[in-house]
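Chemist: Dumping the structure here so I can ask a few things about it.
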Amino acid sequence: MNVGILGIGRYVPEKVVTNHDLEKIMETSDEWIRTRTGIAERRIADDTIDTSYMAVEASKKALEDAGISGEDIDLILVATVTPDRAFPAVACVIQEAIGAKHAAAMDLSAACAGFMYGMITAQQFIQTGTYKNVLVVGSDKLSKIVDWNDRNTAVLFGDGAGAVVMGAVSEGKGVLSFELGADGSGGKHLYQDEYVMMNGREVFKFAVRQLGDSCLRVLDKAGLTKEDVDFLVPHQANIRIMESARERLNLPQEKMSMTIEKFGNTSASSIPIAMVEELQNGRIQDGDLIILVGFGGGLTWGAVALRWGK
């Protein structure tokens, strides 16, 4: 059985915070932020919008895109590091909101790589015949765990949610290969205490090495080469990290998603948010070979070779 994406949706808050806005509250500049990260602005949720609200809105759009209802969903997986509370899970909030009365529901935590973990967990459940339709959501309100006095982290993050419905697709479409990995010895480099804490130098070194390597490994597993890749959707973390992955695949710039300028790093939601953007812009077409790749705290990483279409 081939398993792929049947529908996709996203939600981003209306409030835009630009680099110039940040100049007013901390010692930084638009030039400093753009040069080091590629970010110009990010969306920030106000106090009335929490992680579950964003997740529900993205889920509704994914269901609509898939042409199914909540009652058709068998399992809900939510990747988040900013749940509204320890329990109930964000997935359970979604279950009630979309009327998925037949669905099991749980959250998982793999930081910015969480969507990749959720996507492959869903694929495995579907491929074994356990479930038919699985809703996978990445949703994070990182603005609530960022120290707004720390220019090294505060400038990076935004809020948002992305969701996909996964199920059976035509032969040759969907997930062709994948890789998930973790290195717990690097957990000290990126973690949450009261706020997000990051050793930027070490995270950069890890990400530059791991993203490119993961892309090449999933291609090899699928019996494909760099020349077969039509589009790259990396986790939107840092322009220099993303460029390193693109260069490893010998792709031109127009073949890589770069939504970081508009949305910043939205953690587990960054890949589906970027995919929606590229679909709307017509840059992802039916039959395209897409590489999805992400990394996050843990340290964790994941990559998927995906043939787009149903």
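Backbone N, Cα and C atoms are what each Cβ position is placed from, and that goes for glycine too.
The active site annotation in Swiss-Prot covers CYS112, HIS235, ASN265 and rests on sequence analysis. Annotated region 'ACP-binding' per Swiss-Prot: 236-240, in sequence order.
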Chemist: Once near-sequence residues are set aside, which residues in the chain of ASN265 (active site), 6 or more away, have Cβ atoms under 8 Å from its Cβ?
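Modeler: Result: ILE39, CYS112, LEU142, LEU156, PHE157, GLY158, HIS235, GLN236, ALA237, ASN238.
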Chemist: Please work out the number of neighbouring Cβ atoms within 10 Å of the Cβ of CYS112 (active site), leaving out its own Cβ.
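Modeler: Summing over all protein chains shown, CYS112 (active site) has 33 other Cβ atoms within 10 Å.
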Chemist: For the region 'ACP-binding' (236-240), what is the mean per-residue pLDDT, to the nearest integer?
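Modeler: Here the predicted model's pLDDT, averaged over the region 'ACP-binding' (236-240), is 93.
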Chemist: Per DSSP, what is the residue count of the region 'ACP-binding' (236-240) in each of helix, strand and coil?
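Modeler: Helix, strand, coil within the region 'ACP-binding' (236-240): 2 helix, 0 strand, 3 coil.
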Chemist: Suppose we draw a 10 Å sphere around the Cβ of HIS235 (active site). How many other Cβ atoms does it contain, all chains included?
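Modeler: HIS235 (active site) is surrounded by 30 other Cβ atoms within 10 Å.
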